[in-house]
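Encoded as structure tokens, the structure appears first; notes follow it.
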Amino acid sequence: MSESDPVPGGRPGEVERATALSGELTGQGVHGVVLAYVDTAGIARVKTVPTAKLAAAAAWGVGMSPVFDTFLADDSIVGTDVLGSPDGDLRLYPDLDRLTMLAAQPGWAWAPVDRITQEGAPHPACGRTVLRRIVAGAAERHGITFRAAVEVEWVVGRGDAGGDAFVPAVSGPAYGAARQVELSDCAADLLAALAAQGVDVEQFHPEYAAGQFEVSVGALGPVAAADHSVLVRQTIRAVSARHGLRVSFAPAVLGQGVGNGGHLHLSAWRDGTNLHAGGTARCGMTAEAESFVAGVLGHLPALTALTAPSPASRLRLRPSQWAGVFTAWGRETREAALRIVTGTAGIRDRAANLEVKPVDLAANPYLALASVIAAGLDGLASSAPLPEEITGDPARLDPAAAAARGVRRLPVTLTESVAAFRTDGVLREALGPVLADAVIAVRLGEAGSVEGLDDDGVAAAYRWKY
């Protein structure tokens with residue numbers, strides 16, 4: 001993965017490398033390279049260049065309007081003081097280190113992009129650039145690096161269902177072998193495609209909701225982990241389409257029931273040592289890891305504007321559904337917003353991590369990871385104390401006892417999340433004013449777009465957007 005921002009004309013050796021890659025891709029029958037980024041609403045937007053134009057894209061980028069930073073999921077446009085107008089242009093620069101032949105889309109390759117201005121400066125609303133900057137800052141100021149992974153949950157619907165209806169393509173029970181058998185051919189093709197693309201799959205299994213599945217991948221650096229989240233979903237869509245199926249990663253496809261999550265797994269490391277294991281603090285954490293977790297916990301209400309950013313997210317964030325809707329943490333407690341994963345004895349030094357549960361796949365993965373890391377670093381820098389651990393379901397706590405222990409419900413509406421984000425100076429500073437204002441404008445636009453709809457209407461509005 002490229003560690004520096006693109007420059008007009010290309011980084012040293014970049015154009016020559018792109019020329020060589022173009023020849024290799026052409027020789028393998030690749031005709032087009034998909035250039036992908038994720039907008040503020042969490043939608044993956046793309047442009048394609050013919051394989052022969054890859055070197056030109058590496059040198060001078062590909063034009064795209066900055067207006068997409070204030071697109072809503074339904075493609076309507078809101079605005080800020082800086083973004084949302086028809087003016088201006090940006091350049092999309094492919095990260096050649098992440099260039100991937102798409103095994104499920106013969107003739108195609110894929111690459112994530114960084115966005116810079118026509119003058120060659122980093123675009124202030126580029127989430128990938130912001131995440132890279134925050135990660136670099138952590139290494140410079142604290143000597144800390146991170147490993148991250150994003151879980152991917154989705155539902156599989158019948159491709160021949162009428163209109164925008166969701167009809168589960170499988171009927172087996174949650175986590176059941178019958179469901180795996182029903183999707184056997186498609187699942188085998190998916191695993192083969194991911195392996196061919198270099199994606200390290202840890203697990204694949206049926207999930208709880210009707211027609212729901214999950215894939216978990218190995219941990220990488222945060223930018224690469226976010227890239228993989230986008231690539232995995234692209235691959236799932238492509239494989240499923242070849243089998244006549246329709247998939248959705250939306251937080252909720254129905255007004256009731258369990259939704260799709262996108263839990264973040266994150267661990268902080270220094271000099272090759274995992275700070276979440278081998279320490280003398282609770283759950284084997286080091287004192288620094290405890291403070292990092294405390295920072296994430298303290299910023300959780302505002303974080304939901306970035307990690308659970310859709311009106312449909314609220315249909316998923318319900319108590320007692322393992323969605324983590326209370327400001328609580330616990331060791332292997334799946335109802336807590338923050339789950340401390342200690343790992344199995346013998347591999348804890350590499351397996352221990354923090355799982356952030358109030359996250360779904362309507363989130364821009366770059367912004368979600370950037371904001372969670374920024375929150376944790378704030379706690380680490382201030383040596384923030386981690387409150388008492390919670391066991392069991394926080395929803396069952398007596399209200400007075402919950403209040404005394406600092407356990408409170410996360411924002412119930414998207415506008416409440418925005419209000420918390422507005423007052424969170426740490427997160428706003430981490431994103432920068434241009435991007436922070438875009439987040440607010442897009443979230444309020446999404447909330448307004450579904451005003452008056454019941455839960456079923458909200459679910460239907462976002463069912464096939466993600």
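Using N, Cα and C of the backbone, Cβ positions are placed for all residues, glycine too.
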Original post:
Of the candidates His243, His263, which does Swiss-Prot annotate as part of the Mg(2+) 1 site that also includes Glu151, Glu355?
Top reply: His263
Subject >> Glu355 (Mg(2+) 1 binding site) and Arg334 (ATP binding site), distance between Cα atoms, whole Å >> reply: 9
Original post:
Taking the residues the record says bind ATP (Glu202, Ser267, Arg334, Arg339), how far apart in Å are the two Cα atoms that sit farthest from each other?
Top reply: 19
**OP:** Find the shortest Cα-Cα separation between Ser267 (ATP binding site) and the binding-site residues Glu151, Glu207, Gly259, Arg316, Glu355, and name the residue that gives it.
**Re:** Glu355
Original post:
Relative to the Cα of His263 (Mg(2+) 1 binding site), which of the binding-site residues Glu153, Glu202, Glu207, Glu214, Arg316 have a Cα no more than 10 Å away?
Top reply: Glu153
Original post:
Given Glu207 (Mg(2+) 2 binding site) and Gly259 (L-glutamate binding site), what distance in Å do their CA atoms have, once rounded to a whole number?
Top reply: 10
Subject >> Site of maximum Cβ density within 10 Å, from binding-site residues Glu153, Glu214 >> reply: Glu153
**OP:** Round to the nearest Å and give the CA-to-CA distance linking Glu202 (ATP binding site) with Glu355 (Mg(2+) 1 binding site).
**Re:** 16
